[in-house]
């Protein structure tokens, strides 16, 4: 059947290949060239690559049109090649910049190869490392407050919420073409203000960093003192937290999360080692416990446990940056990243929460690692490793937080005017009307090279006294070997014709002026004519730049590097002469108008002080230091980790993890790929999680200030 269909397709004119692998195939009657003939495929491929330098995006894989042929099809082609005594390419030649499919690479090579930027492993580990640490250490305490059965049910529910919302954000960021959480929310629902989302991300990031530092202050001094590495380390908790900034600060100033991809594996390894130690110690501790195991324990602390479990899966501020850096972000790869990250977190959280609760029953502390004996050296090694993972968790959270802070500052403080920049000693910058000679614009699937052509002598000013001859000679040499776009050539002809008409009119007017009395009036008319001519030249130059930027890709000769300098010098001379010959009244009016606008702008933004503050805050190092300082001061005075985690999970995690993804889902991919009933049901479920999380935050606040909702100690024991 397959061979018959294949032969029929060859008779029609070529081999039918999948859409993502389709290449130009010769007809069946044309035999492939022999070994003596020159290889035409390479020349055709090179010409094709030169004409279209960018590859179109591949369609999503499906069962009907896979990216690569199946094994049966490959075997049939190999048999046919052997019988016909000729060799046909099974796959199309891989162009430069493309990578082989992972399906053809053995899993051993993929598993133990270095982690590349934007790979599946790097994305999964970065997502998992973003939430491992502070949340997982409070899960045994949350399991104690709710009971074993309810705690496991909450873990399963929050795992699904984490997976589904991560997939929503990553797929929607590709759908809307956005790279930040705030931009994605604003594009999905324009009613959502971008500043509010950025502010939520900033506050959530600072709170998460606070929880990391609180746990670090509990772990690091105790482990160093019990391992006899630093005697009396518990008395120097503040000094150790300040010393950790030496490692946290350099990692936090990195502009991208992919810079930390080689460190993202360490928190996972540290937690795996801690899990193995918890399992080993639980074999002895379970036999010593006599308290009953509670399967269901409903009280007011249920809401605190709900938020603790929710915060344990909080990774969503890093989803959009990771999706932006993901290589080949197709739907299957996005699905794999979301599912694998959620399953990895669930497989680590469930045994730690269960065994941590069963090992200590009703006396589990908010940081369950503090329940172990102070003489247990093995657990102190675990706490030391977890301390290092906390140190790495702060930069993973702070990098997207600083990006949102930059976006918030840019939206609050508009770009300063030229006089305000000059007041601070900054030289004003003029926008050039000429685009760069070789301007490369890179998008997801397109690399476009545009060429800006310089003026010829006819299209220039035309006067030798203004340097037109020198500029014409310079541009004449630059134009050799550069193919002019078809859209620009009619404009050049029109500009040359207009300049020739003006030169003839100028010559006729000079011949008609026979007396000296009208020479002054003639000079004034000549100045007006030259001013109009320069304005026409400037407009023509701008239209040429636009036409050249929208033209298709052209090959540029290696000797055309001086063409850009000639264009820029010609444009600068034109603007300078136009400013020199501007009437004094117009110049004074223009300067007065600029000064008035300057004073109004300074009054709105608070003057030069606000401008200087904006310049300082645009520095990433200053912004990171401004974020870490208040977080460090709060970590020095706080010691209740679960309360901090519960408040964060209620106020911010519910917004970023369920509320905003539900709105993005309903307005974006849910409106396209889901039925109305399914879409509404999922949105109601996510909004329900949001409401419970917000109500839990209120309960935690009331319990903290001893207002109400207190749980008797007899219920816990």
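Glycine too: its Cβ is placed from the backbone N, Cα and C atoms.
Look at Swiss-Prot and you will find 1-10 (among others) tagged as compositional bias 'Basic and acidic residues'.
Marked as compositional bias 'Polar residues' by Swiss-Prot: 16-25.
The feature compositional bias 'Low complexity' is assigned by Swiss-Prot to 26-53 (among others).
Feature annotation from Swiss-Prot assigns compositional bias 'Basic and acidic residues' to 74-88 (among others).
What Swiss-Prot records for 463-477 (among others) is compositional bias 'Low complexity'.
If you look up Swiss-Prot, you'll see 497-519 (among others) marked as compositional bias 'Basic and acidic residues'.
Positions annotated as compositional bias 'Low complexity' by Swiss-Prot: 547-558 (among others).
Residues or ranges marked as compositional bias 'Basic and acidic residues' by Swiss-Prot: 584-602 (among others).
What Swiss-Prot records for 1-88 (among others) is region 'Disordered'.
Residues or ranges marked as region 'Disordered' by Swiss-Prot: 462-602 (among others).
According to Swiss-Prot, the feature transmembrane segment maps to 124-143 (among others), an assignment based on sequence analysis. Listed by sequence, the residues of this chain that lie at least six past the ends of the transmembrane segment (124-143) yet keep a Cβ under 8 A from its Cβ atoms are 115, 151, 154-155, 166, 208, 211-212, 214-215, 257-258, 260-261, 264-268, 271, 304-305, 308-309, 311-315, 317-319, 322, 337, 340-341, 344-345, 348-349, 352-357, 360, 364-369, 386, 389-390, 392-393, 396-397, 641-642, 645.
What Swiss-Prot lists as transmembrane segment is 149-170 (among others), and the listing cites sequence analysis. Residues 127, 139, 142-143, 181, 184, 295-298, 302, 305-306, 309-310, 312-313, 315-316, 319-320, 322-323, 326, 329, 334-335, 337-339, 341-343, 345-346, 349-350, 353-354, 357, 657-658, 661, 664-665, 668-670, 682, 686, 689 of the same chain sit 6 or more residues outside the transmembrane segment (149-170) yet have a Cβ under 8 Å from a Cβ within it.
Nonlocal intrachain contacts for the transmembrane segment (196-216), taken as residues 6+ away from its ends with a CB within less than 8 angstroms of a stretch CB, comprise 133-134, 137, 181-182, 185-186, 241, 244, 314, 317, 367, 386-387, 390-391, 393-394, 397-398, 400-401, 404-405, 407-408, 411, 627-628, 630-632, 634-635, 638-639, 641, 644-645, 647-648, 651-653, 655-656, 660. Annotation comment: Swiss-Prot describes 196-216 (among others) as transmembrane segment.
Residues 213, 216-217, 220-221, 224, 230, 260, 263, 391-392, 394-395, 398-399, 402, 620-621, 624-625, 628, 632, 635-636 of the same chain, all 6+ positions outside the transmembrane segment (236-253), place their C-beta atoms under 8 angstroms from a C-beta of that stretch. Taken from Swiss-Prot, the feature transmembrane segment applies to 236-253 (among others).
Summarising the annotation, Swiss-Prot assigns transmembrane segment to 265-283 (among others). Residues of the same chain lying 6 or more positions beyond the ends of the transmembrane segment (265-283) and with a Cβ under 8 Å from any Cβ of it are 115, 125, 128-129, 132-133, 136, 344, 348, 351-352, 355-356, 358-359, 372, 376, 378-379, 381-382, 385-386, 388-389, 392-393.
Remote same-chain residues near the transmembrane segment (303-320) are listed as 126-128, 130-131, 134-136, 138-139, 141-143, 145-146, 151, 154-155, 158-159, 161-162, 165-166, 169-170, 173, 178-181, 184, 201, 204-205, 208, 257, 341-342, 345, 349, 396-397, 400-401, 404, 642-643, 645-650, 653-654, 656-657, 661, 689, 692-693, 695-697, 699-700, 703 (criterion: CB distance under 8 Å, separation of at least six residues from the stretch ends). Residues or ranges marked as transmembrane segment in Swiss-Prot: 303-320 (among others).
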